[in-house]
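Colleague: The compositional bias 'Basic residues' feature in Swiss-Prot is assigned to 25-36. If you look up Swiss-Prot, you'll see 49-61, 88-97 marked as compositional bias 'Basic and acidic residues'. Per Swiss-Prot, the feature compositional bias 'Polar residues' maps to 73-84, 98-109. Marked as domain 'RRM' by Swiss-Prot on the basis of sequence analysis: 167-237. Annotation source Swiss-Prot lists region 'Disordered' at 25-109.
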Amino acid sequence: MVYIHFPNNLTEEEHMLQAKYQKLKKKKKALQAHKAPKQEPESALTLKRPTDARDAREVARKLIKSGAIPAIQKQQTKQDQTSFKRPKGQERAKRSTSETTVAAYQPFSSTQNDVAQETIISEIIKEEPRRQNLYQHFATERVREERGLTEKVTLDTTQPEKPRAGNTIFVSGNKVTEEFLKKTFNDYGTIVNVSMEIEKSRGFVSFAKPESADRAIAEMHGKSVTGIVLQVQLARRQPQIVPINDASSSAVWSSIAASKSQKGSHKDLRQMVQYNDDFLM
């Protein structure tokens, strides 16, 4: 192992270096103190009274922003604390009445104002129960929906409509003719009339009895006859058809015919005039 021994006393060179270092240290401190900016003493703010009100307002605003002076807070009076907000409905009614007033001489304006205020108050009182009823209605509906009790009750006060009946049927098909309709529907009953709409390929067949029309609709609707699919329905407009072969009508006409002879009871009182052949020549 190697031991190094440092003497307690400094040599001359070390003393010179130490003195030099102390001088440099003092110079450095003096240079830093010279370069550092000097702090100027704060000057007291001298408030000058501005000549204009606008300038005073600007100065006060700047001072409040800088925090030099606090903002003045308005003290609430007892009347402000006990005041209440006017209802919206009353404000709306008051605005509408003020807009509708006419600038003219009104000798009874004070009484009219009292009446208007009374009407406004009565309207507000009427609106409150209506709002409560609406709220109750929506609340009950919501409860019923949550519980699953939404049931729509339909009360049919009207009587059930009677089934339609008639003698005339509506027939439509591709290239339908009058002869085709007579031939096809002749088996269901006596045909009174057949009317055609040739451009639209449809027609109307009138039977003597409604039963024949019902049977034709039941059997021929949607049926194909000679390659033509027929659409048979009851006609919307039913013409009034008087039955021809009715027993009562035939009896009436037979009695009238029996009472009257074919020649009649009138006697001809005229004399026959005869002409000769020479006169004709």
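Think of each number as a place in line: the chain as shown, counted from 1.
In case you wondered, yes, glycine gets a Cβ from its N, Cα and C as well.
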Colleague: Give me the mean pLDDT over the domain 'RRM' (167-237), rounded to a whole number.
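Modeller: Summing pLDDT over the domain 'RRM' (167-237) and dividing by its length gives 85.
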Colleague: Tally the residues of the domain 'RRM' (167-237) by DSSP class, grouping H, G and I as helix, E and B as strand, and everything else as coil.
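Modeller: Secondary-structure composition of the domain 'RRM' (167-237): 25 helix, 26 strand, 20 coil.
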